[in-house]
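Asker: According to Swiss-Prot, the protein carries these features:
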- 22-42: transmembrane segment (TRANSMEM)
- 65-85: transmembrane segment (TRANSMEM)
- 88-108: transmembrane segment (TRANSMEM)
- 129-149: transmembrane segment (TRANSMEM)
- 161-181: transmembrane segment (TRANSMEM)
- 192-212: transmembrane segment (TRANSMEM)
- 228-248: transmembrane segment (TRANSMEM)
- 256-276: transmembrane segment (TRANSMEM)
- 281-301: transmembrane segment (TRANSMEM)
- 330-350: transmembrane segment (TRANSMEM)
């Protein structure tokens, strides 16, 4: 779409905002159109979500709900992005690679579970970790060696970098990618629970990307100046549109789950955006709900192994609230509210520097 401007005297299609808008609506329409067809196909093939044997009783009724919906909304976002991005932008190409590779890892994991009808099948934790490390290196190393990406570490509410991580930045970035990917995966346990916070996180990071990629805005707001970063906003917009199309069918009661193909890809992509926009530390606030879910699992496992006692009735923490009697819809909406507030606070850091 960018190259259509070469065929006319107008620069309309060169604007990032215009192409982001087109990408959003293309992905939204694709997702809304393809998702019901996928649901019908998945039901016919019995490609449903295996339910964990210790899950709350209310989850037993979801055993026939189709999974792997992430494959559709990720594909919709990628197709829409390919129509709208500039192909000579290394940030945009690396971002698409991240989305595709982490989706493939999740898809392999999903297929193992669906084919064997066992929630413990799929990729082993060790194989999944290895695959995530390899995918992360494929996405990060080209940026590192091209010197397009700064290795300096920034913290929220402070305009200067703390220090230069140099070669150690690679290990830190891989940690961010893997942590973010698995955190969203842990959160995806209730209908729409991971979807809406992901939309909030993508929106917040998209704003940071746009501002940092614009030399005038970044200078005025004292943000890191990274030329070419704005192009990734188009992919953000496409993914938000695709997620909104998915949410139409994923909201309570869900007609389809995203599966690992969706959650691992979303988390990996959110982590990647935090890295290239230099918001690795602020990601703790941007993805606060994901952090909360992950910390609850770490506390539960650690406490049980060390003290033989559980901190929560069940982890991740959304299952704890189910066990104490909260209805599913109430948990979902309250977590959405927390995600919205944490992202608004993250955006406030733009001016508080």
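Placed from the backbone N, Cα and C atoms, the Cβ positions cover glycine too.
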Asker: For the transmembrane segment (228-248), name the stretch out of 22-42, 88-108, 192-212, 330-350 with the most CB-CB pairs under 8 Å.
Answerer: 22-42
Asker: Okay, the transmembrane segment (65-85) and the transmembrane segment (281-301): do they have at least three CB pairs under 8 Å, pairs separated by 6 or more?
Answerer: no
Asker: Under 8 Å between C-beta atoms and at least six residues away from its ends: which parts of the chain pack against the transmembrane segment (65-85)?
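Answerer: Long-range Cβ neighbours of the transmembrane segment (65-85): 1-2, 19-20, 22-24, 26-27, 30-31, 34-35, 38-39, 42-43, 47-49, 92, 96, 99-100, 103, 106-107, 110-111, 113-114, 231, 234-235, 238-239, 241-243, 245-246, 249-250, 254-263, 265-266.
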Asker: Going through 192-212, 256-276, 330-350 one by one, which has the most CB pairs that fall under 8 Å from the transmembrane segment (161-181)?
Answerer: 256-276
Asker: What residues elsewhere in the chain lie close to the transmembrane segment (330-350), defined as a C-beta under 8 angstroms and at least 6 residues from its ends?
Answerer: 156-157, 190-193, 196-197, 200-201, 203-204, 207-208, 211, 221, 223, 252, 282, 285-286, 288-289, 292, 318, 321-322
